[in-house]
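Peer 1: Feature list, courtesy of Swiss-Prot:
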ACT_SITE  Cys383  active site, nucleophile
ACT_SITE  His520  active site
ACT_SITE  Glu522  active site
BINDING   Ser13, Lys191, Thr192, Lys193, Pro194, Thr195, Gln196, Lys227  UTP binding site
BINDING   Ser13, Asp151, Ile152, Glu153, Lys191, Thr192, Lys193, Pro194, Thr195, Gln196, Lys227  CTP binding site
BINDING   Ser14, Leu15, Gly16, Lys17, Gly18, Ile19, Asp71  ATP binding site
BINDING   Asp71, Glu144  Mg(2+) binding site
BINDING   Gly356, Leu384, Gly385, Met386, Gln387, Glu407, Arg473  L-glutamine binding site
DOMAIN    295-547  domain 'Glutamine amidotransferase type-1'
REGION    1-270  region 'Amidoligase domain'
Amino acid sequence: MTKFVFVTGGVVSSLGKGIAAASLAAILESRGLKVTLLKLDPYINVDPGTMSPFQHGEVFVTEDGAETDLDLGHYERFVSAKMRKANNFTTGQIYESVIRKERRGEYLGKTVQVIPHITNEIQAFIERGAAASHDGKADVAIVEIGGTVGDIESLPFLEAARQMSLRLGRNQVAFAHLTLVPFIASAGELKTKPTQHSVQKLREIGVQPTALLCRADRPIPDDERAKISLFANMPQDAVISVWDVDTIYKIPQMLNEQGLDRIICEELRIEAPPADLSVWAHMVHTLENPQHEITIGMVGKYVDLTESYKSLIEALRHAGLHTSTRVNIEYIDSEELESGHTQVLDTLDAILVPGGFGKRGTEGKIRAIQYAREKGVPYLGICLGMQLAVIEFARHLAGMKDANSTEFNDETEHPVVALITEWLDRDGRVEKRSADSDLGGTMRLGSQRVPVQSGTKAAAIYGAEVNERHRHRYEVNNHYVPQLEKAGMIISARTPSENLPEMMELPASMHPWFVGVQFHPEFTSTPRDGHPLFKAYVEAALAHQQNTQRAAA
């Protein structure tokens, strides 16, 4: 029977509940347990697919095509289990499900209320999500509840967790509460009062934390931990100090050294071997002792909020980890390049244009792509970054001066990137798509296997087949592919049924390393295994750096 650990937060959001949950999962997995994770989001949106990156950060796409919270990316990077649609749900999905049941008459004429109907539905979703991994035989499911204790939106989720604890009985459910212990510079001391109030609020709901994770910018002294334990009504060793570190991959060791996994296993009556975190120790050692250093320019319009590119940033770090390279990322606002001033690109070892939506900043990205192509700087374009590379190539090398995407100009003379107006949905039914279609859930989503053309860079990286995740509406227009290929572009991977371009590259005679991909490879990169595409990209950046230094000598 699966046991549950609920991870809650207090005082403020963005303390790192997702990292804490993922780190605990990694420790338990290293003890030989089968672990899965769930994220419960209290907002009313059905999913984050239509939310602004400035509001929500990155949208993480699962193998089965769900648009989910970015914390699921942390989960996949820290544990071996793959997340699915069932591993993330929102208030919107809960209410949608309950209302459908009410309309079908499943409640037999009863008044539908938050308690018990909404809370029962939340519990059903939690148990369904826990069964989605390990063939339904997970030993532990770690359930992160978004928001903070005291939020109106979070109350039904916390009540559902309390009810699950009561229903399942002793030693079946544990609670880890993450809270803030701020350092007040003017007083020169850490303040525990916000944490005391947060735990008090949680206990009012009927939940007593098993462990308390106290976030601070420095280690919390024992006397402060003793004070917290007294007011929180829990043993001092269950008050865990979680301080700021330079890499999130140190967190599993930090929590393990303070006995968090021991506390949880004792509460749940789980017997398991000691944790073996040697892989994480080796990872941290490699990160702290690189042999090389490069700078990659990431050109986008969400650069002021790097959470928008969380998986991509981590994928680049993973590639650095597997090439013993410190990867520095310089974030470049694409709108600042639209005036033609590209001097900021001169010191870069490689250029990357990530995925995105909308017209704003696209001409600046195209200038960066042109710079990379003409100067021989390694280039990687992801999703929109590939589409813009096709537009740049069409304009300057294929004789289509006004080439564009219909996303930006629906009257363009050469729509080299266009909307696919007819797709098969997940059930195999024809689904019409147009510019007027709903935005939510109407993209090509999830993993797809695609054959790769032999003798290409893509084949050297991936082998005969690529299996990556997608999140996009627009595609490279097949009508223009012959003209692009005649001008020198190589389409190195195509979808088997629609024959749509999935990867493009330039031959070595035109550029040393220029690759665009329609999918999102960052979603499958992990610190343990890295990713072949990002590894090849970092190696190309190192080669470019060495050639530049050799030429300058």
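In case you wondered, yes, glycine gets a Cβ from its N, Cα and C as well.
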Peer 1: In Å, how large is the greatest distance between any two Cα atoms among Ser13, Lys191, Thr192, Lys193, Pro194, Thr195, Gln196, Lys227, the listed binders of UTP?
Peer 2: 23
Peer 1: Considering only the binding-site residues Ser13, Leu15, Lys17, which residue has the minimal Cα-Cα separation from His520 (active site)?
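Peer 2: Going through Ser13, Leu15, Lys17 one by one, the closest to His520 (active site) is Lys17.
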Peer 1: How many Å separate the Cα atoms of Thr195 (UTP binding site) and Glu522 (active site)?
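Peer 2: Computed Cα spacing between Thr195 (UTP binding site) and Glu522 (active site) is 36 Å.
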Peer 1: Where does Gly16 (ATP binding site) sit in DSSP terms: helix, strand, or coil?
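Peer 2: DSSP assigns Gly16 (ATP binding site) to coil.
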Peer 1: Based on DSSP, name the secondary structure state of Lys191 (UTP binding site): helix, strand or coil.
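Peer 2: For Lys191 (UTP binding site) - judged by DSSP and reduced to three states - the answer is coil.
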Peer 1: Restricting to the record's ATP-binding residues (Ser14, Leu15, Gly16, Lys17, Gly18, Ile19, Asp71), give me the longest CA-CA distance in Å as a whole number.
Peer 2: 12
Peer 1: Looking at the recorded positions Leu15, Ile152, Cys383, Leu384, which one has the fewest other Cβ atoms within 10 Å of its own Cβ?
Peer 2: Ile152
Peer 1: Please state whether DSSP places Gly356 (L-glutamine binding site) in a helix, a strand or coil.
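Peer 2: The residue in question, Gly356 (L-glutamine binding site), is coil (DSSP, three-state).
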Peer 1: What recorded positions among Ser13, Asp71, Pro194, Gln196, Glu522 are found with a C-alpha within 10 angstroms of that of Gly356 (L-glutamine binding site)?
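Peer 2: Final answer: none.
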Peer 1: Taking the Cα atoms as reference points, how far is Ser14 (ATP binding site) from Gly385 (L-glutamine binding site) in Å?
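Peer 2: Spelling it out, the Cα of Ser14 (ATP binding site) and the Cα of Gly385 (L-glutamine binding site) are 29 Å apart.
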Peer 1: For L-glutamine, what surrounds Gly356, Leu384, Gly385, Met386, Gln387, Glu407, Arg473 with a Cβ no more than 8 Å from their Cβ centroid?
Peer 2: Gly355, Phe357, Cys383, Leu388, Ser405, Val417, His472, Tyr474
Peer 1: Least buried of the binding-site residues Gly16, Gly18, Gly385, going by other Cβ atoms within 10 Å?
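Peer 2: Among the binding-site residues Gly16, Gly18, Gly385, the lowest count of other Cβ atoms within 10 Å belongs to Gly16.
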Peer 1: State the count of C-beta atoms found within 10 angstroms of the C-beta of Thr195 (UTP binding site), not counting that atom itself.
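Peer 2: Result for Thr195 (UTP binding site): 28 neighbouring Cβ atoms inside 10 Å.
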